[in-house]
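Contents: one structure, followed by commentary.
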Amino acid sequence: MLNRVRRTKIVATLGPSTDKANNLEKIILSGANVLRLNFSHGSSEEHKKRAKKAKEIMFKLNCHIALLGDLQGPKIRISKFKKNSIFLKVNDVFILDANLNEKNGNNERVGIDYKKLPNDLNVNDILLLDDGRIQLKVIKIEKCAIFTKVIIGGILSNNKGINKLGGGLSADALTEKDKKDIILASEIDVDYLAVSFPRCADDLIKARELLKKSGSNAQIIAKIERAEAVFDQNAIENIILSSDAIMIARGDLGVEIGDAELVGIQKKLIRTARKLNKVAITATQMMESMILNPLPTRAEVMDVANAVLDGSDAVMLSAETASGKYPSETVISMAKVCKGAEKVPSINVSRHRLNVEFQSIEEAIAMSSMYAANHLKGITAIITMTESGKTALMTSRITSGLPIFALSKHKKTLNLTALYRGVIPIYFDSDKDGVEAANEAIILLCKKKFLFNNDLVIVTQGDIMGKIGKTNTSRILRVTY
């Protein structure tokens, strides 16, 4: 029987730290399952080099890891100050001026990069700058100038972000830079593309259309960052159904809805994504102290563990691996926490979709197989022989504590399944069909020391290998050799 394998996946962001020495290979060997290219930072050439190097390492290590391109989106920012920063006191009047030159900010006013901001605001609106560290109340709007009173002061430096409490800013989800980066993502051949600040399903549909037009079939991740996206259950479901996965980007989302609300929203988003057969990534400041320190705080350990207990498919590292001093150590620490949390019995039981009508034969096979896995004593693994990865995804929506092996001859499919909770991608190419192919798959997994004599496994497959959407069979087989 296979020893316990970590089920929750780890997304690691690439950057200057992973460019050094052999740090990129180290984070892969330490347990990174998805490599994120953050298009908010770095040049297109840097991203191309990182993607090329990552693929070379994957080939060398014979492993399957997903590449994720992350669009910057319409991050609304102040411009620059003459002296780089100012100090705002409580009750000061401070002006955000759309007409002010980019580098002429002073103690009284600063420019803004989103010129339509005055049109989106009303008197008494609260603006949150620098992730909420500075708070301003709108007291007057005159043409292009927003007059505010400082509620919470402090140091304000160049190019800090602006959010509106409760959301409602109308900036388009896809900027001109994003459209260029979609082409870059296609050239790099990413497996996933994350769309920042989508307000509704239409933003994601447009991104998918542009991606396909550029020649890519990458899957779309909706980054949940705006208050509008979580306004009610209907808004949440519309966003999730229009994407292939969601990323709970807790930084901007927490600023817009408040940290206290964020706790319940995180759980609701993960629960809804799983219910709708979608993938959920929990992100932002998960082990931020490890940017400078070799060990996480206990609060960070609990945060990661709770994301695992909530049912996240993956937990994400940002600056910790991109620019931190301890990139591989951070991945190792996160992996340990995930495995620890996964020992909790309550997360290995699921009633997912037991009371709903299945939408396809594939889903019926996947759900019945997982029901059998959870109720037949002695099952040690699930094997899904898959062309597109869809059956592997659906089986991974039910929590069982058992490893799910996704076997495919398509490397793109294997890369996609690297993000799914509990799924282990394995390259497999057979000219056999039916039980002969199933037995070949078992032999391969035995050779790789994943299965052992007398193990009991469930195999899902189609009658004919090599056809997408044809999974119609589930077998329970005993390993004998």
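Start at 1 and count along the chain as shown; that gives each residue its number.
Just so you know, glycine gets a Cβ as well, placed from its N, Cα and C.
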Inquiry  = According to Swiss-Prot, R36, G251, D252 bind substrate; which one of T8, T282, T284, T297 is annotated to that same site?
reply    = T284
Query = Per Swiss-Prot, which one of R77, R199, R208 shares the ATP site with N38, F39, S40, H41, K160?
reply = R77
Message = Please report the distance from the Cα of D252 (substrate binding site) to the Cα of D70 (K(+) binding site), rounded to the nearest angstrom.
response = 15
Note = Sparsest Cβ environment (other Cβ within 10 Å) among binding-site residues N38, S40, T284 belongs to S40
Ask   = Distance between D70 (K(+) binding site) and F39 (ATP binding site) at the Cα atoms, whole Å?
value = 6
Coarse DSSP state, helix versus strand versus coil, of D70 (K(+) binding site) = strand
Remark   = Per DSSP (helix/strand/coil reduction), D252 (substrate binding site) sits in helix
